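> I am attaching a structure below and will ask some questions about it afterwards.
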């Protein structure tokens with residue numbers, strides 16, 4: 001497994017000028033990028049269109065290509081059918097807590113695996129990586145039995161706690177910190193008489209920040225979009241966004257326009273985060289990926 | 001497995017060709033005297049393992065136990081012990097082999113174009129660009145879209161009678177395609193959804209790796225008179241090889257566990273993956289066994305079979321990687 | 001190390017904790033003073049809140065507060081309910097139970113629900129229902145795990161305009177006379193297909209399932225024998241329904257649509273088919289697909305073969321988990337919601353056909369006419385259909401078995417399988433289901 005991930009030749013990061021040979025983009029490059037960008041947002045745009053038209057209208061030939069004000073009617077219909085406002089608040093709480101927990105615990109553990117030597121660390125890390133490969137769907141039954149035992153059914157901690165850590169996160173942070181965090185820096189801290197905790201917060205965390213940003217974003221998106229477990233652990237009375245969306249269009253009749261409108265509304269907060277923090281997030285990925 | 005002992009320049013560090021370097025650079029590992037043998041290590045991994053052990057490890061082992069029973073969903077702990085019978089039955093189950101085949105073809109159909117497109121996209125994004133942050137952010141929009149939302153929209157686009165893809169095909173004089181009911185066509189459609197969702201993400205990973213390729217390599221290639229295309233083939237690609245292997249492994253894990261897209265693609269909630277199971281993946285088969293047919297023992301068995309498959313795939317990738325590494329090492 | 005950084009880290013941890021505690025707050029429904037809160041766990045087909053029944057009940061019983069939690073589709077709803085039944089907790093005070101899993105609940109979870117046959121007023125309850133409805137929620141040892149809400153007696157809906165265009169009669173009596181049996185129905189289909197004036201591209205029936213689903217329930221057995229064990233190959237209902245439906249599929253009478261898919265929804269608006277099997281709830285489905293423009297397009301005829309037996313599709317029950325905190329109050333509410341008076345209201349206001357024969361025979365229901373469906377006497381049509389339904393045993397696997405046949409028929413319709421292959425496919429899939 002490591003052989004896959006580790007290049008045969010050790011690399012040095014000093015004495016190079018990375019990325020200096022990138023040429024200026026020509027018209028062809030811009031055209032292709034614009035095309036890729038359009039493809040990226042098209043399905044979202046299409047859900048805006050579909051959210052503005054009835055089934056009959058959308059099935060017409062040629063189909064409509066523009067959204068209209070009906071969209072807002074459908075949004076409010078969606079909000080009547082499911083407590084989307086509450087759902088968004090819940091999802092922010094859930095995804096936010098999971099993100100904070102994952103980043104914190106995985107950074108702690110990643111640091112320990114990367115830099116602290118203790119008996120059995122190799123075996124433990126192998127265990128962590130091994131579980132990345134386990135299909136998760138089946139875990140819901142025993143998980144639900146535990147949640148029921150704890151009387152957590154329908155409450156948010158039922159969806160927060162089981163996903164509070166991730167094996168991927170530990171592995172990711174560990175891989176990042178092994179190189180990004182020079183032992184000399186830790187030694188210097190040690191010589192100054194700093195405790196391990198002090199070293200963690202004053203030396204490790206600042207160095208780990210780009211990777212933490214990446215992990216935070218991935219975790220937030222995954223948590224936001226998770227529906228398999230929440231749909232079982234929560235009910236429509238206290239839903240996350242994905243649970244609420246799954247409950248849209250109630251009745252024998254699926255009102256697709258309402259479902260589409262609600263779905264788009266549920267994606268909106270994430271898009272907003274992207275629009276506002278795009279630079280930081282993408283920058284974080286860059287920094288993380290270079291080292292991680 | 002020697003994870004903890006390896007230095008981790010995973011993913012992105014250029015593998016080949018690195019300027020000749022007579023002495024291997026110092027690898028900063030196992031050197032720190034005071035931080036090694038640090039009992040705080042346990043304290044630092046403890047929060048993770050407490051949560052992990054309670055909520056991940058227990059269900060995982062429980063599943064293994066269930067797979068040895070003839071258990072129903074409604075009475076999960078009360079089935080009769082049947083040993084390895086479920087596994088034996090799985091090997092002679094046509095639905096399992098069909099799902100395995102589908103998983104492989106959909107996996108190939110989605111992973112290969114996805115990673116090729118991502119490479120190309122990364123190459124484009126690597127240019128000096130106006131609005132580079134804008135473009136990079138745009139590429140991540142699909143990843144931010146939930147599987148449910150994406151599949152819902154794509155299923156409409158791929159509709160037989162009213163989908164706009166067929167409308168477009170007809171407009172250019174081609175025949176309409178019954179995407180959902182064909183074997184290859186439905187798998188292509190699902191692969192398109194997967195590709196759409198992950199290409200931008202992988203492109204950014206590649207882009208990051210490209211930015212760490214030393215400029216000297218390109219300068220040297222240019223002096224040899226290599227064209228841009230040859231530079232891409234002979235400098236960029238080889239330098240990205242570890243990253244590419246990494247993304248292949250991660251996409252493979254994702255492909256074997258593929259579940260949401262084929263579940264939602266049919267549009268009527270069926271877990272069969274099409275009328276002829278033409279796009280039922282292993283993940284969906286497991287879901288059908290457990291939650292449609294209430295046969296949780298069978299489902300647990302399928303889950304463990306998936307685990308073993310992923311283990312085998314990743315294991316062989318690791319062997320290939322190791323072999324390569326050794327060969328490269330010998331060459332130097 | 002700067003103090004500021006550390007403070008920030010600490011703030012982060014505090015935030016996490018705060019978020020977690022917020023999460024823990026949440027909904028512990030509980031009792032507020034003397035008030036009792038009753039919760040209903042339902043899927044998207046009940047409509048009690050929309051009909052104002054909760055409000056009325058709370059006015060009648062000020063000490064009761066009612067909250068409902070609705071999942072749109074019964075599939076995910078039942079997954080959650082099953083998980084909760086397996087864990088033995090987490091259920092609402094009243095849970096909806098659908099025809100697709102009522103038999104599973106009766107066979108495997110009867111102990112978890114209040115037995116209505118043991119209530120003091122059991123006889124009165126039983127006598128207000130169609131016998132088949134009461135029967136379907138009964139266990140072998142005579143327990144009754146739920147009270148029926150609506151039912152889905154079936155008729156055959158047809159497009160008047162498409163029939164006229166193809167030179168077929170349009171008057172409901174005349175149309176019903178076209179197809180006393182399913183064979184006659186298929187013959188009418190051939191006639192439709194052969195008509196030179198037929199609207200181009202329109203099929204006779206939406207999907208083979210419009211033949212299979214009603215016909216399979218008109219035999220002596222459907223998918224189960226008297227003991228509730230699955231029988232498929234020996235079922236007369238299956239044999240005759242398969243023969244008819246695969247013939248319809250193979251002869252190109254269908255629009256090759258999978259029911260409840262997006263394409264199927266869209267096809268309503270495009271006049272892609274002239275007939276569709278109509279359980280009573282299909283009326284609201286058609287209405288919402290077509291909107292106001294569809295008024296007067298459709299009409300309703302008798303289901304083929306109804307002189308032998310009626311057929312139902314769908315319908316639900318309300319069950320009261322016996323582990324709840326307010327079992328007595330919940331039982332009273334469930335009885336009130338499903339009482340004939342309320343079933344009448346659910347029909348007049350929401351279009352749900354009663355499963356209570358008393359309600360169905362009341363003038364408000366029996367004399368009802370649908371303007372949208374060309375003044376069809378829906379009360380009479382569906383009332384007759386419901387009265388013609390025979391008691392046939394059901395099994396926990398009915399839905400899955402029917403889905404397997406339905407999928408196999410789709411492959412006959414699209415030409416990828418011949419009927420014999422498709423039948424073998426269905427049997428193989430069913431073997432996976434019944435084990």
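Every residue, even glycine, has its Cβ placed from backbone N, Cα and C.
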> Taking A:199-221, A:222-244 as the choices, which stretch does TrEMBL tie to transmembrane segment?
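My reading of TrEMBL: the transmembrane segment range is A:199-221.
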> Could you check if the transmembrane segment (A:199-221) is in contact with the transmembrane segment (A:84-112), meaning 3+ Cβ pairs under 8 Å among residue pairs at least 6 apart in sequence?
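Contact confirmed: at least 3 Cβ pairs fall under 8 Å.
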> Are there at least 3 C-beta pairs under 8 angstroms linking the transmembrane segment (A:159-178) and the transmembrane segment (A:124-147), leaving out pairs fewer than 6 apart in sequence?
yes
> Apart from its near flanks, which chain residues at least 6 from the ends of the transmembrane segment (A:27-46) lie with a Cβ under 8 angstroms of it?
264, 267, 271
